[in-house]
Amino acid sequence: MSSPRTAVLAVGTFAVGTSGYIVAGLLPVLSAQLHVSAAAAAQLVTAFAVAYAVGSPLFAAATGRWERRRLLVAALVVAAIGNTLAALAPTYGLLLAARAVTAVGAAVFTPVASAVAAQLNPPERRGRAVAAVFGGLALATIFGVPVGNLLSQHIGYRAVFGLVAVLSLAGAGAVLAVLP
């Protein structure tokens with residue numbers, strides 16, 4: 001069983017994972033409502049992936065001296081801001097930019113969370129702790145994406161981005177409450 005600290009980190013990766021993966025299922029709706037081609041809508045996935053890939057090493061270097069708990073909270077807040085901007089974005093271009101902002105939060109959170117999970121656990125539990133953190137990403141694919149897509153049919157894609165923002169903020173609050 002995971003410790004509460006590790007579970008909080010897994011919830012955070014679930015939030016940022018859902019942020020990253022959810023757009024793939026929303027592409028038809030986004031294409032129609034934003035009046036862009038399917039190929040253009042798919043660039044929302046690409047923007048997230050590129051910002052994540054480029055941002056992760058850059059922000060790791062830039063934030064290396066930050067206190068880990070503060071960095072994890074900041075990363076989840078950035079992801080929440082990105083999702084809030086996505087929920088409010090009136091145009092495709094602004095949604096594209098919001099996706100990049102969200103990716104920056106995810107790019108910082110995921111590697112730091114796995115490192116913190118390893119630090120917080122004794123050597124014999126480190127592998128399981130890191131696996132639990134990355135399990136949050138797997139659960140985002142298994143549950144977050146389908147539930148988000150289902151909800152979007154009833155409450156709209158903007159509300160789904162808003163819910164993911166709330167989940168990210170809840171994760172930030174949990175990190176503050178549980179991590180040393």
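Cβ atoms are placed via backbone N, Cα and C, with glycine included.
The feature domain 'Major facilitator superfamily (MFS) profile' is assigned by TrEMBL to 5-180.
Annotation comment: TrEMBL describes 7-30 (among others) as transmembrane segment. Using a Cβ-Cβ cut-off under 8 Å and counting only residues 6 or more beyond its ends in the same chain, the transmembrane segment (7-30) has close neighbours at 36, 38, 41-42, 44-45, 48-49, 52, 72, 75-76, 79, 82-83, 95, 99, 102-103, 105-106, 109-110, 113-114, 116-117, 132-141, 144-146, 148-149, 152, 157, 160, 164, 167-168, 170-172, 174-175, 178-179.
The transmembrane segment annotation in TrEMBL covers 36-59 (among others). Outside the transmembrane segment (36-59), and at least 6 residues removed from its termini, the chain residues within Cβ reach (under 8 Å) are 19-20, 23-24, 27-28, 30, 92, 95-96, 99-104, 106-108, 110-111.
The transmembrane segment annotation in TrEMBL covers 71-90 (among others).
Look at TrEMBL and you will find 96-117 (among others) tagged as transmembrane segment. Long-range contacts of the transmembrane segment (96-117) within the same chain: residues 5-6, 9, 12-13, 16-17, 19-20, 23, 43-44, 47-53, 55-56, 59-60, 63, 68, 71-72, 74-83, 85-86, 89, 126, 129-130, 132-134, 137, 168, 179, each at least 6 residues beyond the stretch ends and with a Cβ under 8 Å from a Cβ of the stretch.
Taking Cβ pairs closer than 8 Å, the transmembrane segment (129-147) reaches residues 2-3, 6-7, 9-18, 20-22, 24-25, 110, 113-114, 117-118, 120-121, 164 in its own chain, all 6 or more past its ends. Residues or ranges marked as transmembrane segment in TrEMBL: 129-147 (among others).
If you look up TrEMBL, you'll see 159-179 (among others) marked as transmembrane segment.
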Within-chain partners of the transmembrane segment (71-90) [C-beta distance under 8 Å, separation at least 6 from its ends]: 9, 12, 15-16, 19, 63, 97-106, 108-109, 112-113, 116, 158-159, 161-162, 164-166, 168-169, 171-172, 175-176, 179
Beyond the flanks of the transmembrane segment (159-179) by at least 6 residues, Cβ under 8 Å: 4-5, 8-9, 11-12, 14-16, 18-19, 22, 26, 68-69, 72-73, 76-77, 79-81, 83-84, 86-87, 105, 116, 120, 144, 148, 151-152
